[in-house]
Amino acid sequence: MATARTFGPEREAEPAKEARVVGSELVDTYTVYIIQVTDGSHEWTVKHRYSDFHDLHEKLVAERKIDKNLLPPKKIIGKNSRSLVEKREKDLEVYLQKLLAAFPGVTPRVLAHFLHFHFYEINGITAALAEELFEKGEQLLGAGEVFAIGPLQLYAVTEQLQQGKPTCASGDAKTDLGHILDFTCRLKYLKVSGTEGPFGTSNIQEQLLPFDLSIFKSLHQVEISHCDAKHIRGLVASKPTLATLSVRFSATSMKEVLVPEASEFDEWEPEGTTLEGPVTAVIPTWQALTTLDLSHNSVSEIDESVKLIPKIEFLDLSHNGLLVVDNLQHLYNLVHLDLSYNKLSSLEGLHTKLGNIKTLNLAGNLLESLSGLHKLYSLVNLDLRDNRIEQMEEVRSIGSLPCLEHVSLLNNPLSIIPDYRTKVLAQFGERASEVCLDDTVTTEKELDTVEVLKAIQKAKEVKSKLSNPEKKGGEDSRLSAAPCIRPSSSPPTVAPASASLPQPILSNQGIMFVQEEALASSLSSTDSLTPEHQPIAQGCSDSLESIPAGQAASDDLRDVPGAVGGASPEHAEPEVQVVPGSGQIIFLPFTCIGYTATNQDFIQRLSTLIRQAIERQLPAWIEAANQREEGQGEQGEEEDEEEEEEEDVAENRYFEMGPPDVEEEEGGGQGEEEEEEEEDEEAEEERLALEWALGADEDFLLEHIRILKVLWCFLIHVQGSIRQFAACLVLTDFGIAVFEIPHQESRGSSQHILSSLRFVFCFPHGDLTEFGFLMPELCLVLKVRHSENTLFIISDAANLHEFHADLRSCFAPQHMAMLCSPILYGSHTSLQEFLRQLLTFYKVAGGCQERSQGCFPVYLVYSDKRMVQTAAGDYSGNIEWASCTLCSAVRRSCCAPSEAVKSAAIPYWLLLTPQHLNVIKADFNPMPNRGTHNCRNRNSFKLSRVPLSTVLLDPTRSCTQPRGAFADGHVLELLVGYRFVTAIFVLPHEKFHFLRVYNQLRASLQDLKTVVIAKTPGTGGSPQGSFADGQPAERRASNDQRPQEVPAEALAPAPAEVPAPAPAAASASGPAKTPAPAEASTSALVPEETPVEAPAPPPAEAPAQYPSEHLIQATSEENQIPSHLPACPSLRHVASLRGSAIIELFHSSIAEVENEELRHLMWSSVVFYQTPGLEVTACVLLSTKAVYFVLHDGLRRYFSEPLQDFWHQKNTDYNNSPFHISQCFVLKLSDLQSVNVGLFDQHFRLTGSTPMQVVTCLTRDSYLTHCFLQHLMVVLSSLERTPSPEPVDKDFYSEFGNKTTGKMENYELIHSSRVKFTYPSEEEIGDLTFTVAQKMAEPEKAPALSILLYVQAFQVGMPPPGCCRGPLRPKTLLLTSSEIFLLDEDCVHYPLPEFAKEPPQRDRYRLDDGRRVRDLDRVLMGYQTYPQALTLVFDDVQGHDLMGSVTLDHFGEVPGGPARASQGREVQWQVFVPSAESREKLISLLARQWEALCGRELPVELTG
């Protein structure tokens, strides 16, 4: 090991260098000589063959003129003989010694390289480094690359600087030491990597060499590895600039790196702190250091040296020996901390040391408890893998952290617990869907299970509060069966409870174990009534028609099993009921699906029940088969005899357990259809099947029942009539058994699922004639002997597929051909293929591109609340509206009214596609016999499609109402168009799956979306009460003048362009629209006849941090609809809000992302690229994620896909509802590509990637435009990609390169977010001037034109009959030095978007009228129909019309247009300029120009 040379002037002269040949070795056919070179205490070896010596000698002779005979001669014969080699070793050693003695000062370059001085000797190392930097230094600095250097090189440079020799002793300018110093002064990124053990072939221990880093003056990042921190000097010289420091495999304490001065001073304090006692030194802090990596060292404690790094954000102390976490309270800016693979065993009080931490890595420690993490409220990423966490209760400490998104618990003892993932996710409650566990995306099944368990836990908590104190403990421990209310004439029959009740096991879907009390609560609807006080509901009819108003007593509407909510003596106001009738609602409870075919106790219980049934059933099967064989030839009997015989056969073939009245009710109903003639083929089929089914020995069959599959499902049994029930299908090796899950008779009972199962019937495989999928992946059909007996099985896709596959395996291949059906699907057809066929059958445009995102079986209930008894009359209208019961028929546009009663209680399927909600109704009538249909009949399905943009979650359901496990897990209220629909999901998990898919699809929609704007609650004195007589919203809406298109008067023909969309038929909501061509007209904004401003509600108390007081004040001030813009009731309500109510409205009704924040509000009229002729009022809301346009209702018919009358017709439910339905257009900031600013900031256009994402805001006010663009740029700047806190596979220093900044080029600002802001150029001004000059009567004056004022305004037309205000026509007013013009401008098509493939059909500017300023007679100004409207009165001077080449006459007597004055001597322009600043500027410039031209002041008259 080499020892370091002493530093300082008293160092002795350099010892002479020596070179000795210490041996040789034979390599291939030549001899290699081993040379040992000594330079002081450093030694290294070099190997050369004789030819290398010869080449060296030739060069030295040529360059340095040494003696030619100095080198031993070459031998041809016997050159490898031992004697010759030994003699040559001595001669070569003498040769090298003579060379070194001949050059004592500077060793020649060729000799230095021959002896590897450039690798191991100080002068050679520095010379080689200097030469390298001379050639590549500038290139390295310019590229900003990391420069890697070794400790030996730094040691050599340090030694050279200490010797005081000339910087270029060799005389070669390339090796001048100044090249190194020049490079180090400017280098920013440095990497010093040592080696373990001897360096190369030397004895130099590189990691122990001292070196000085003070020669580096501009370092931003330094990475040091495999060095000794005690021997590193000068690093502190980089404190002012160093931002990132990494020291690995080099330090034993943090002080060695951060405070090397600590070894010299006993007491020290960081600079800038208050000194409390005597100190020997004040140490400057690391002013710029934000990232510190001290991983893979031997650090045993976090000492007080961290006081010197107050700005640190990223701290990595992984792979050390830390025992406790200390002193981190001094790091106020610390965001990311890595303490992995240390020896931490306790985290107590960690929140007092870590304030704003976001990423915390504690992997590989000795942690058993997580209690110290419960207050780290800003934590986002947490890694706890490879610890000793055993108890699930420890996860609760982090389950309440509000920002936590990524958690890793792998390789802990608790990770081997069954259902570990689901149980951990359940600890996060409502945030379970936001948490990613163990770097694995949470599956939908896991999230659905968590949601159900949350509902169960909620129901359990409510039940524990309401439970009777005297209730026996044993009663609480029993599991509950599914809730059921039967007609009073049908008492339930419950199988005897078994002595030992097996526990449910986990299925492959990840269902968790749940507590028994929670299971009992989950299967009963929860309200404040105790079980003793709950009345049993009366029997419900088959149809779900509305209950007459006078018959719905309040007691009848209380909570019943299967219903949700309810009234309570303690409640001041009733709750919403959503279920039409308990007897009609069947659903599969969540608790049962934990029992599978792998649960031995469960299988044993089922086997016993099936065995008992078979003992009684086998004789009936044989007898039925004999009767069929005897009756095969008997045909042509009377119809009543056939029905009687068939009924007897059915009773003999199926053994049912249950009360007789139930069987009678099930067997009655509709008459049996006439049996079709049996063909010879069917008879042979039955005979083969019977032989196969009964081929086994009867005793053997009873003793060896093997259960293959258990399927929990929703079952529709068609046997003449339709019967539905939740069922358990058991597939055995001999046949199929059907069990029913009965409803719970009373809420007080909590029967176990197993003991509640009721055996219905069973049949052998031989009785199965057809089976397949009615709808792929959704509904499996089993057709039992005779077509009237059909089972429609509804379950999830995975279980249905497994059951179908297991059933197929029970049949021999030759039998499968007989069981295939031409009208059923096989297992290979996908749901996507079925959807494609269905849409093709209904001739849906683009149906082939539709992709199914999920399909869900539900009951659908829609309400017409006029038919329902409401609450007491002392409630306000809104409360009365919300408290009625949804008891009405299932009605959809896909079924006729006559079919609604017949199919009221049959489930439908809701199928979600990216753009639509598809309602599918299947035909569950008895299936025809085999052979009667050669193809699938798509008429058996009825389809209704609703645009997904019009489907909303019902806003009337209060999330604070106690609902119970049934409602939480199965019931969902929807608003479809104007209809309120309740969907009751029959399968567990499906509701939460539907919500997840629905929310994803809604967020991805790019068209107009429906939003709900809640009205301010209150009585008649509220803002809504400002309308006289409390007229309904429907009438109020009819008073609003909608945006419409009106024709402009034209005498000369103009080329016809694309016509406007045909107006919708006049509805009760508003007057008929006037059709007009789009080219010859622009939108006319017709104001409301009587503007009514609602008083603002009292401001609500604002949250602490967001929104800020400044934001609340600013939005309140900006939230005023300009008087000239028409407004519908929803927009007027939005404008009436003040204070934090605006923020609350944004988050509750408009915002799409949970964590987005409102930044700016603005009112403006907007024009969409797809409807250029329509200008509509909008409330523009800018958030941190998107720009939202809440639009006037008049735009709905232009954008939205037409709904069928049933959905689209407004009814009394909507008219009296406590909210408005409005349209909202969303432009995500991530889709924003460019912003085009109009001339003089009068408007701006936001452009996305598609035509539907282009919208122009016509602010007509430069201040509004400027404010919006300023806020938009701020928001876009915050969306710039931030560097990832986790290390990635890229260059260590790449994050500190040049960052993209905004730059202005050619009137385009490329924002740092890559959004392009385009401003008007001088060329656009020239185009406008040229356009005006071309239309003038004297175009030769065009060069003299200079634009003084450009403003977008309105021209006021003649008011229509019965109205006091005239329509406003958008115009562009242009004032030059001697003329004034009115133009029609296309603000949405220009400049052309990137996706445009051809120029627009309309010109950008179309001159409408022009007058000379000198012809202006006077200006009338006052408070006419519009505040501060200006009337410009011109003398109609003959021969001086500027519009000589324009034949349009805009001043004829056409109704609605401006008219000439009497005697035709005056022409009036009535102009309304919305911006007060622009209005004053127009008057002042006009007056100045008029005075310059006419020599006197412009007459300005004030009118009333």
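Glycine residues also receive a Cβ, built from the backbone N, Cα and C atoms like all the rest.
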Of the residue ranges 554-573, 954-973, 1114-1133, 1294-1313, the one that Swiss-Prot records as region 'Disordered': 554-573
DSSP-assigned states of the region 'Necessary for binding to phosphoinositide-3-P' (2-133) in counts, ordered helix, strand, coil: 61 helix, 28 strand, 43 coil
Residues of the repeat 'LRR 6' (403-424) by DSSP state, where helix covers H, G and I: 9 helix, 3 strand, 10 coil
Per-state residue totals over the region 'Interaction with ITGA5' (709-807) - DSSP helix, strand, coil: 18 helix, 56 strand, 25 coil
Model confidence over the region 'Interaction with LIMK' (660-869), averaged pLDDT: 66
